[in-house]
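Novice: So TrEMBL says this about it:
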{"type": "DOMAIN", "residues": "14-395", "note": "domain 'Major facilitator superfamily (MFS) profile'"}
{"type": "TRANSMEM", "residues": "12-32", "note": "transmembrane segment"}
{"type": "TRANSMEM", "residues": "53-75", "note": "transmembrane segment"}
{"type": "TRANSMEM", "residues": "140-159", "note": "transmembrane segment"}
{"type": "TRANSMEM", "residues": "171-190", "note": "transmembrane segment"}
{"type": "TRANSMEM", "residues": "238-262", "note": "transmembrane segment"}
{"type": "TRANSMEM", "residues": "282-305", "note": "transmembrane segment"}
{"type": "TRANSMEM", "residues": "312-333", "note": "transmembrane segment"}
{"type": "TRANSMEM", "residues": "339-358", "note": "transmembrane segment"}
{"type": "TRANSMEM", "residues": "370-388", "note": "transmembrane segment"}
């Protein structure tokens, strides 16, 4: 049961929800990068170049971001759990169908669009559920959940290379589709919070705005909300865009996302072209992931300190600056040792950005506006992520 004032238990079943969010975040963010181990083989299979294969990861990430409003509307209408279950089946089905592709366009539509949409329908609801279960411990919870990305990146990259070596890219896609069915299990454990009183007025207003009513309670909620403003019942609240802080956040993230995913998507192919063995090239992503594993929760703990949390936006800005300077200072590395050093510093800076981005967003708009704000932010970022990696591949 939620705290009568905060609406968040800060523990209990929330730790199970955190585990599910950890897995979902891992698949959502690590998979678009880990799939890059197949690019060299796909380039040979379909006679295409860097930019063509980079579109696969870009489309997945663009769907992950651009489907935000769709996910927000579905969550506000049906709840987190049903949406995540549907998303899990889509993510898995897309990769399974992609294993039968005969040209690169079919890979775009299956592994890109369908799997990307499935991941989007899992990712955003999991963050909403995490925000409803944690309040005082939310920076730590966000940091731990964000650690799913590096953990899965460390595992999926060498696993993908192993599957490629033994079963080819088609067999690797098929097995990966099976792994993505775990998203359905994570969706099943996203249990909605319940109020001590069966009447809707017993819940805090924030909780009512974030979570849709359970079956059979919809009429009760409507009756008790007749005197509320109509805007509270909108499926997607565009009024959050009147917040100047959110506008600044969106502009900053758009610029950042143009280049944020470029190194992880193109790094493996770049290393292979420099003469690095395939297994060692795939291991570079594992290095990023391994460093990221410790960077994210550590950053989450630091962000929760009393003297840091009020200045979260400055801490986030420092992380963005660190990440950009890492790319600039390492742009001329060609030998394996130099690439390893780059991966260490990139993993650290990337982990800081990943741990702080959604905590800063929730600090700007609050829990009541987080669902709509997240959907709109991800939609705008989708444009940037669709432009960045293919453009870099062309360069």
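Yeah, the Cβs are placed from backbone N, Cα and C, and that goes for glycine too.
Automatic, uncurated: that is what TrEMBL annotation is.
Quick caveat, the model's predicted, so the values are computed rather than measured.
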Novice: Mind checking which residues reach the transmembrane segment (171-190)? Cβ under 8 Å, same chain, six or more beyond either end.
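Specialist: Distant Cβ neighbours of the transmembrane segment (171-190) are 16-17, 19-21, 23-24, 27, 31, 35, 38, 80-81, 83-85, 87-89, 91-96, 98-99, 111, 115, 118-119, 122, 125-126, 129, 160, 163-164.
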Novice: Give residue numbers and ranges for long-range contacts of the transmembrane segment (140-159): same chain, 6 or more residues beyond its ends, CB-CB under 8 A.
Specialist: 14, 18, 21-31, 33-34, 37, 126-127, 130, 133-134, 264, 268, 279, 282-283, 285-286, 288-293, 295-301, 303-304, 347, 351, 354-355, 358-359
Novice: At a C-beta cut-off of under 8 Å, are there same-chain residues at least 6 beyond the transmembrane segment (53-75) that contact it? List them, or none.
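Specialist: 28, 31-33, 35-36, 39, 42-43, 83, 104, 107-108, 111-113, 115-117, 119-121, 123-125, 128, 212, 235-236, 257, 261, 265-266, 269, 371-372, 374-379, 381-383, 385-386, 388-390, 392-393.
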Novice: So what's near the transmembrane segment (339-358) in sequence-distant terms, Cβ-Cβ under 8 Å and 6+ beyond its ends?
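Specialist: Distant Cβ neighbours of the transmembrane segment (339-358) are 29, 127, 142-143, 146-147, 149-150, 253, 256, 260, 263-264, 267, 271, 274, 276, 284-285, 287-297, 299-300, 303, 312, 315-316, 318-320, 322-323, 326-327, 330, 333, 374.
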Novice: Express the predicted model's confidence over the domain 'Major facilitator superfamily (MFS) profile' (14-395) as a mean pLDDT, rounded to an integer.
Specialist: 81
